[in-house]
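Presented below is the structure to which this report refers.
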Amino acid sequence: MGTAVWALISFIAIVLFWAIFTKRNIGEAMILGFVVTLVFSGSQAFELFLPSLMKGLTHSVVFASLAFIFMAQLINYTGLIGRIIQILNSLIGRLPGGAAYVNTFGSGLFALVAGSGSGIAATTGSITIPWMERSGWRKEHAASIVAGNSGFGSIIPPNSTMFIMLGFTPVAATVGQGDLFIALYIAGLYALIHRVVVVFIMTKKYNIQSVHPNLIQPIGKSFSEGWTSLLIFLGIILPLIIHFGPLAKWYASVESVGETAMNAMSFIVWVPVFMIVFTLIVGRNHLPKGKSQWVKFFEDTAPSYYVIGPVLIFTFATSAVLNEIGLTEQLQTLMMSFAVPKWLMIAIVGIIITLVATPLATTATIATIGLASFGALTAVGVDPLLAVVTIMMFGATEGSTPTSGPIYVATGMARVGPEKTYVPLLIYYTIPLMIISWLIGMGIIPIPL
């Protein structure tokens, strides 16, 4: 094995040790991993230090990720998601098992604006778990559904795992930002279908009723009170229209704009900008009032930045060092020497990601082994775009592994022991999601390329 491969192995080992055994901040682990990687670069260490660090500090994905966090905090503060859930409840709450369907669709919609699994579980679960319990759901099943649905946050863009994957140098060179967005929306649709089927099966099996009529507003009332909250999704729709389809082609043909200018526009930068603007407009009456409330808002949300910021910056910096010392070529040579068939390699990568994601959050998992997984999959012939989608799907078990945060959030709200959710989550979420991910990697479940 080459020096770069040993550097990657050392990086993974030190991050896992720091996160699992010392229980310290994952951002600190990434800083240590970056230093260790530089050591393996030998005489190039001082030469690579500053350029690699600057790549991490100036990467557009870092700004986009932090902007998405600010956007999600604003949306959460203004209560817009709660109004959307009320509309969903009016539409589908009358179905048998309706509260679980509301949580499923609500979690999917919330994932469009916030990629935090624990945040999704807390926001949607606080509303729907009481509804589910009054509909006849057992506490452990209600908590399992909420925790399982939190996995949307690691699939549907935007989310930090997507930003991390796009920041890896080999990924950035072969996968377009907009293409990945579209591919992940399609993968998210498959995940939604899977979760709807899960709710349908459990509803039939346990004879669950609809949401209690007293908890369902007339559709006219919920829509009139909350329709403006749906406007925040224009922040996604408008950049999609501008960057893809006939309008994008027309802009590219206009001499004053041109294809060069269109290609220079970062899709993932403009999505949070648009969504922040629409959130400020729609939620203006619910924003912090005065200096003291704004100061408290930023104080309360600050922890979200000082965790993900260092993770992104030093993950990208490490990727730049590894790329300079030849990781891509060495990893592909190593994978090819094993002569492992494609179907088996995808399965091995999936099992490893799932196992690593058991003690670590999805973000930390992808930051730690995402680059190695990408190299392994592309080495056996998996399309780069498909490889990223497959890796992210495998990593989306965050809400269904025993140590995941969303489980404790959901079981806390349902007042049930976390251990009672382990088997339902394994049967209904973890194993099916691994199978779906494998089928996507094999190209059996299609993702348009």
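One is the number of the first residue shown, and numbering goes on along the chain from there.
Each Cβ is built from the backbone N, Cα and C atoms, and glycine gets one as well.
Database features, via TrEMBL:
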type	residues	note
DOMAIN	15-435	domain 'TRAP C4-dicarboxylate transport system permease DctM subunit'
TRANSMEM	6-22	transmembrane segment
TRANSMEM	29-50	transmembrane segment
TRANSMEM	56-77	transmembrane segment
TRANSMEM	108-131	transmembrane segment
TRANSMEM	143-168	transmembrane segment
TRANSMEM	180-202	transmembrane segment
TRANSMEM	223-244	transmembrane segment
TRANSMEM	264-283	transmembrane segment
TRANSMEM	304-323	transmembrane segment
TRANSMEM	343-362	transmembrane segment
TRANSMEM	374-396	transmembrane segment
TRANSMEM	426-447	transmembrane segment
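With a cut-off of 8 Å between Cβ atoms, the residues of this chain six or more beyond the transmembrane segment (343-362) that come close are 16, 19-20, 26, 117, 154, 161, 335, 368-369, 373, 376-377, 379-380, 382, 390-391, 394-398, 401-405, 430, 434, 437-438, 441-442.
Between the transmembrane segment (56-77) and the stretches 29-50, 108-131, 304-323, 426-447, the greatest number of Cβ pairs separated by less than 8 Å involves 304-323.
Annotation: stretch 143-168 has the most Cβ pairs under 8 Å to the transmembrane segment (426-447), among 6-22, 29-50, 143-168, 304-323. By the Cβ criterion (distance under 8 Å, sequence gap of 6 or more), the transmembrane segment (6-22) is not counted as touching the transmembrane segment (180-202), fewer than 3 such pairs being found.
Regional average pLDDT for the domain 'TRAP C4-dicarboxylate transport system permease DctM subunit' (15-435) in the model is 85. Stretch with the most C-beta contacts under 8 angstroms to the transmembrane segment (264-283), considering only 29-50, 143-168, 180-202, 304-323, 374-396: 143-168.
Below 8 angstroms of C-beta separation, residues 151-152, 154-155, 161-162, 165, 168, 170-171, 174-176, 179-180, 183-184, 187, 191, 327-328, 331-332, 335-336, 340-342, 345-346, 348-350, 353-354, 357, 362, 365-366, 433-434, 436-438, 440-441, 443, 447, 449 of the same chain, each at least six residues beyond the ends of the transmembrane segment (374-396), sit close to that stretch. Sequence-distant residue pairs (6 or more apart) of the transmembrane segment (143-168) and the transmembrane segment (304-323) include at least 3 whose Cβ atoms are under 8 Å, placing the two stretches in contact. Listed as Cβ neighbours of the transmembrane segment (304-323) (distance under 8 Å, sequence separation of 6 or more from its ends, same chain) are residues 4, 7-8, 11, 25-28, 30-31, 33-34, 37-38, 41, 48, 51-53, 55-57, 59, 61-62, 65-66, 69, 73, 160, 163-164, 167-170, 363-364, 367, 371.
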